Amino acid sequence: MPIDPVALTADLVRCPSVTPEEGGALDLIERILSGAGFDCTRVDRNGVPNLFARWGRKGANRTFGFNGHTDVVPVGDAAAWTRDPFGGEIADGWLWGRGATDMKSGVAAFVAAAVDFVQETPPDGAVVLTITGDEEGDAADGTVALLDWMAAEGEAMSVCLVGEPTCPERLGEMMKIGRRGSMTAFFTARGVQGHSAYPHRAKNPVAALARLIDRLSSHDLDRGTEHFDASTLAVTTFDTGNPATNVIPALCRATVNIRFNDAHSGASLTRWLEEEAARVTAETGVEIALSAKISGESFLTPPGELSELVARAVEAETGLRPEPSTSGGTSDARFVRAHCPVVEFGLVGKTMHQVDERVEVGQIEPLKAIYLRILKDYFA
């Protein structure tokens, strides 16, 4: 009997899988896949739950992979929700709950499509699912752990589809063929504390750091590249921790986040930030230290066989030709891209991470149909 992706989405939403808790979501998926003949392995690392499942022969020449996650962000104030965030309630044409959009519906749709596919038309090849419980957190022991385990065990994917929400307004209008890189820069300015009436006796870290931040935020990183929009820099914090209005503090901190395209790398941007900080230090005498965290480099799966496969299936099922895009935030595709070509396609993501997160019920079955067509066309 075909799996109902709507019912499965509701069941997954009822699993309270807030990172790093598994909440029963991976257990549910494992039971379904095992019952359909998939070889399932739990690849848990440092207490983080992950699931690897394969139908077909290990090392098959053609192995279609899927990547997704069942962990969700916290609900925030549960009293602010119209409905139980872990109720999986269907009302007014919507399925409500945390993770309904991001991305339990996408996981449910592919699980349903994969089970139907291997049972109805067993392919000459293999189908692999990599499902993590650590995408919304640090992501150090999620998809990365799965890929590390696969490499050690001789498991592979020829191509991979990530089921994250990709469509801004309508199902079918956008797929992701790459993502911008992301880095966060933490600045600490150390000056000399003093009385605000005698600024010449102090070294003001606030003024120095403000000068640096102004230069960074007014600098055009680039004008965009062939497949990417212009890189962006956003100031996200500026703190002194100083409650006194007549004291120049000794310390000031600021944070900026950069989303960068393929004109840059994390290393090149770090060098630029260090150079700018050194210039301001030389001008003001205030030491400015930098600590940079690079969450992921930019990447691109050039338009070609995989993106065309996805685009044809989407257009056949929705009538829309998806725009190949690299916009938005990061995803676990940034890890998969080192393993095999990867494209992302999923539902409309307007309510993800919000209070009253919900997915339009009428999108879930068509998403399953798209995924099923992708599988059939890939193995045709």
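Note: Cβ is positioned from N, Cα and C throughout, glycine not excepted.
Neighbour count (other Cβ atoms within 10 Å of the Cβ, all protein chains): 28 for Asp71 (active site). Annotation comment: Swiss-Prot describes Asp71 as active site, evidence class sequence analysis.
Listed in sequence order, Thr19, His69, Asp71, Gly142, Thr143, Ser331, Asp332 are the same-chain residues six or more apart from Glu135 (active site, proton acceptor) with CB atoms under 8 A from its CB. Residues annotated as active site, proton acceptor in Swiss-Prot: Glu135.
Per Swiss-Prot, Zn(2+) 1 binding site is recorded for His69, Asp102, Glu164, and the stated evidence type is sequence analysis. Other Cβ atoms within 10 Å of the Cβ of His69 (Zn(2+) 1 binding site) number 32 in total over all chains. Under the DSSP three-state reduction, His69 (Zn(2+) 1 binding site) is assigned to strand.
Listed in sequence order, Thr19, His69, Asp71, Val72, Val73 are the same-chain residues at least 6 apart in sequence whose CB falls under 8 Å from the CB of Glu136 (Zn(2+) 2 binding site). As annotated by Swiss-Prot, Zn(2+) 2 binding site applies to Asp102, Glu136, His353.
Asp102 (Zn(2+) 1 binding site) counts 25 other C-beta atoms within 10 Å of its own C-beta, drawing on all protein chains shown.
Fewest Cβ neighbours within 10 Å among the binding-site residues Glu164, His353: that distinction goes to His353. Within 8 Å of the centroid defined by the CB atoms of His69, Asp102, Glu164, the record's Zn(2+) 1 site, lie the Cβ atoms of Gly68, Met103, Gly106, Glu135, Glu136, Gly163, Pro165, Ser331, Gly346, Met352, excluding the listed residues themselves.
Counting only the Cα atoms, the space from His353 (Zn(2+) 2 binding site) to Glu164 (Zn(2+) 1 binding site) is about 13 angstrom. Reduced to three states, the DSSP call for Asp102 (Zn(2+) 1 binding site) is helix. Other residues of the same chain near the Zn(2+) 2 site, with their Cβ within 8 Å of the Cβ centroid of Asp102, Glu136, His353, are Val72, Val73, Gly99, Met103, Met352.
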